[in-house]
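Now, the feature entries from TrEMBL:
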ACT_SITE  Glu433  active site, proton acceptor
BINDING   Thr151, Gly190  FAD binding site
DOMAIN    19-145  domain 'Acyl-coenzyme A oxidase N-terminal'
DOMAIN    287-448  domain 'Acyl-CoA oxidase C-alpha1'
DOMAIN    530-612  domain 'Acyl-CoA oxidase C-terminal'
Amino acid sequence: MSAKVNDDLLTERRKCEFNVEELTNYLDGGAQATQNRRKLEDKVLSTKGLFDEVPEEYLSHKEKYENAVRKAVVYYKAMKEAEDPNQTEQERANATYRSLLHAAVFKDNSPFSLHLAMFIPAILGQADEEQKKYWMKRASKMEIIGTYAQTELGHGTFIRGLETTATYDPKTEEFVLHSPTLTAYKWWPGSLAHTANYCVVMAHLYINGKSCGIQPFIVQFRDEETHQPLPGIKLGEIGAKLGFNTVNNGFLGFDQHRIPRNRMLMKNAQVLKDGTFKRSPNSKLTYGTMVYVRVVIVNGMANQLARAVTIAVRYSAVRRQSELKPDAGEPQILDYVTQQHKLFIGIASSHAFTLTAKWLTRMYQKVTADLEKGNLDELPELHAIACCLKAVTTTDTSVLVERSRTSCGGHGYMLSSNLPQIYGLVTAACTYEGENTVLMLQTARSLVKALEQAQSGKRLSPTMSYLSEKVSSRLKWDNSIDGIVKGFRRVAYGKVESAMRSMRKYVRSGLGPEDAWNMSSVQLVAASEYTSISEADIRQLQDTYEDLLGKIRPNAVGLVDAFDFRDQILNSTLGAYDGRVYERLMEEALKSPLNAEPVNQSFHKYLKPFMQGKL
Ligand SMILES: CCCCCCCCC/C=C/C(=O)SCCNC(=O)CCNC(=O)[C@H](O)C(C)(C)COP(=O)(O)OP(=O)(O)OC[C@H]1O[C@@H](n2cnc3c(N)ncnc32)[C@H](O)[C@@H]1OP(=O)(O)O
Ligand SMILES: Cc1cc2nc3c(=O)[nH]c(=O)nc-3n(C[C@H](O)[C@H](O)[C@H](O)COP(=O)(O)OP(=O)(O)OC[C@H]3O[C@@H](n4cnc5c(N)ncnc54)[C@H](O)[C@@H]3O)c2cc1C
């Protein structure tokens, strides 16, 4: 018999003014897609051995990892067995696109995540046809587990500054991989420490003493039978982190480690037997895996944000606190407009990121198809857009998840709420796959170039076309959607123009272009981010905004119910569908090992002698 649902949540669900299932179907891409997703979740989550008897937070660092590997094996097999052979690849992708299934099993991500998120995409994007056939067979069957090893102890952002060398030896037709310094050690790659046995390594290729740029190499670093590190390989784990503590991020140093010539992934650039180097059509194609993951991250942020606001909104409908009016009893905290302000932007942003992710994925698929035909025209625009959207969605999601946490008071600070762990996951994305400031400056580089082209009358790409609109600065604001968009375009234009004016001013004062760029970089980042509108219009917009909050209020619980996250995926004492937050908080508290006995041994060992002055 399912537990009684909290009365306030029942009332909220009765008040809802729209069909929740319809919105769920829309988000999934249709009723069939919802059905497929739910069927997959039912199957996988009914697998034995997927869940923890003791909450993960009470395990040691080492136990957490070992437990995560145990679950990863069970989870991966369950996902494989749950695949519906009658479904198309696209239907399968849709079923997982919105599902956070893995989050029901791993609060802090899986030790297999890099294999699926980067090792396989790197092979697909960087290997030639023959290499792809061989390595995809082994990787897709999990005969090998891989990761993506690019970042080093001394370099993450500046890829051209990576120190790991790959020197071609034509006599043996091998590459010699070497870490010449401590700072050259690969540092950060997930799964690297104890899980994976292969990796795609980004290393600086040298042939006959000449630099041939950064190239991708597939490298085995552990014996497939014994899992021992191979000769010339130094391996280890980088230690405890804010989050990602079951991803097994590691370090790897090479000491003259030899690999055969066919281990350089040669889709874009090639090295022939005699050492002849055939250049890539564009050296940035080597960065392709990062562009792909930046696109994936946008959708990941939409889902994680939806999960956090689901927890916070349901809790805010259940939690009653303080007094809005004398003698009116304690209101639901969701009735405070400040609470609505904190949370409803999160709901709206999640939907905005979902739609943006779909648009960006289509753009990525088109540009990737063009690249296959040798057409690189739209690669720079894809790079600029992917940088901007990855940076904006991860920054906003981190802010909004943290706001969801603090809007739940003390209980939001409990690990059992799962909000701290969700924050740990999303805030990492502000750094990995390109630190956000750095990516914003990449976008700014494209914006400045586009404005210069617009000013010389050239046509711009669709996403930059707002820079060539002769938008009158006396634009009449109205708070229609169209008016707001026009306003934002006008301001965005002004930001790029102002950054450019600033750079020209510094150049006129005698600074070189690089210093002028650096001096203007705060404005350049602002030109890539969102920006605010002038004062007079804020009041008009504010009235509209507060009116909208009131309209959303009766539908808030319905809106988060429509995200359709089952309790195991929310994994939260505060966000469960039935709203029994207090019972769940107590159930979870009692699982603490410290509650196993009424008097902890430290009393007799330390406290008692201390209080009696005997220590
Ligand atoms: C939730 C789900 C979780 C999914 C699970 C994820 C788990 C976490 C895994 C994390 C993995 C990692 O972090 S992997 C490691 C990630 N690391 C990074 O992302 C490193 C970030 N740094 C970089 O990308 C580069 O260093 C960058 C900043 C772009 C600068 O590169 P360069 O110095 O080589 O290039 P620049 O001199 O700046 O620019 C030269 C020209 O090249 C262009 N250019 C630069 N990069 C380009 C690119 N990728 N594609 C096309 N063009 C590019 C520029 O626009 C310029 O064009 P013009 O203007 O026309 O000249
Ligand atoms: C959880 C997590 C997982 C990761 N997983 C992987 C992985 O699997 N594989 C992998 O290869 N890497 C991985 N990374 C590493 C990640 O890609 C790097 O941390 C990231 O690229 C930033 O590089 P860095 O840490 O060396 O910082 P740096 O590059 O040293 O940058 C430090 C700071 O300097 C400033 N800065 C740097 N360059 C510029 C610039 N040009 N303009 C303005 N400011 C600048 C920025 O403020 C930046 O935050 C992971 C990182 C994290 C946190």
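Using N, Cα and C of the backbone, Cβ positions are placed for all residues, glycine too.
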Could you measure between Gly190 (FAD binding site) and Glu433 (active site, proton acceptor) for me? Cα positions, answer in whole angstrom. 12
Within the domain 'Acyl-coenzyme A oxidase N-terminal' (19-145) only, compute the mean pLDDT. 93
Fewest-neighbour residue among recorded positions, criterion Cβ within 10 Å, set Thr151, Gly190, Glu433: Thr151
Residue distribution over DSSP helix, strand and coil in the domain 'Acyl-CoA oxidase C-terminal' (530-612): 54 helix, 0 strand, 29 coil
In whole Å, how far is Thr151 (FAD binding site) from the residue listed as 'active site, proton acceptor' when you measure between their Cα atoms? 10
For the domain 'Acyl-coenzyme A oxidase N-terminal' (19-145), jot down how many residues DSSP puts in helix, in strand and in coil. 89 helix, 0 strand, 38 coil
